[in-house]
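Asks: The structure under discussion is supplied below as structure tokens; questions concerning it will follow.
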Amino acid sequence: MRVILLGAPGAGKGTQAKFITEKFGIPQVSTGDMLRAAVKAETELGLKAKSVMDSGGLVSDDLIIGLIKDRLAQPDCANGVLFDGFPRTIPQAEALLKAGLEIDHVLEIAVDDEEIVKRMSGRRVHEGSGRIYHTIFNPPKVECIDDVTGEPLLQRKDDVEETVRHRLSVYHAQTKPLVEFYSKLEAKDGKPKCSHIPGVGSVEEITAKVLEALK
């Protein structure tokens, strides 16, 4: 079973990805991890990618597809794979299709933008321990102070509202169109199966919907 998991930053993809990989015994494959592994192993594709990255360029979709083919040939992918962060764009999805790499399921975890902004911009972190609080959902006893050490809490740069809104706009421009792309493919060819899952409610409720969609 090959699964693509889509959703805006902050939609809760990480939690559901962990559930899917454990439940179905398939690896989570990210292009970043593949690139690093190929470069470290000094494979032919890894050396090509390193040359491009060292010169400040972007690794081409063709090169990424080559890495994916190599990765899918490994024994742990025999039962399937969960794609993490790929494809991100229509050209990448088309390249995947052209390479004959079939996808069985496309899951979109859908959460309203304002809910995501509320979730992410409210996060506060204790740098020393990594403890995470939230101004609304899990506030510290004293505002902006760690419960255990009494030290100040920080807001990560990625969680600043302006940054969150920028990342959401990039997602809507580049990755959201993939939902329509794969839905049209499903209507035409009968696969991949596309499922739209509301990412609100408890983790358990969302997980149950994910499991139902993958049956």
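Yeah, the Cβs are placed from backbone N, Cα and C, and that goes for glycine too.
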Asks: From the ranges 30-59, 180-209, pick the one that Swiss-Prot records as region 'NMP'.
Replies: 30-59
Asks: Quick check on the annotation: Swiss-Prot has GLY10, ALA11, GLY12, LYS13, GLY14, THR15, ILE132, TYR133, GLY201 binding ATP, so which of ARG2, ARG123 does it put in that site too?
Replies: ARG123
Asks: Rounded to an integer, what is the Cα-Cα distance in Å between TYR133 (ATP binding site) and ARG156 (AMP binding site)?
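Replies: Cα to Cα, TYR133 (ATP binding site) and ARG156 (AMP binding site) are separated by 12 Å.
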Asks: Is the region 'NMP' (30-59) packed against any residues at least 6 beyond its ends, judged by a Cβ distance under 8 Å, and which are they?
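Replies: For the region 'NMP' (30-59), the list is 66-68, 70-71, 84-86.
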Asks: Roughly how many Å separate the Cα of GLY57 (AMP binding site) from that of GLY10 (ATP binding site), to the nearest whole number?
Replies: 28
Asks: In whole Å, how far does the CA atom of GLY14 (ATP binding site) lie from that of VAL59 (AMP binding site)?
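Replies: Approximately 24 Å lies between the Cα of GLY14 (ATP binding site) and that of VAL59 (AMP binding site).
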Asks: Restricting to the binding-site residues THR31, ARG88, ARG156, which ones have a CA within 10 Å of the CA of ARG123 (ATP binding site)?
Replies: ARG156
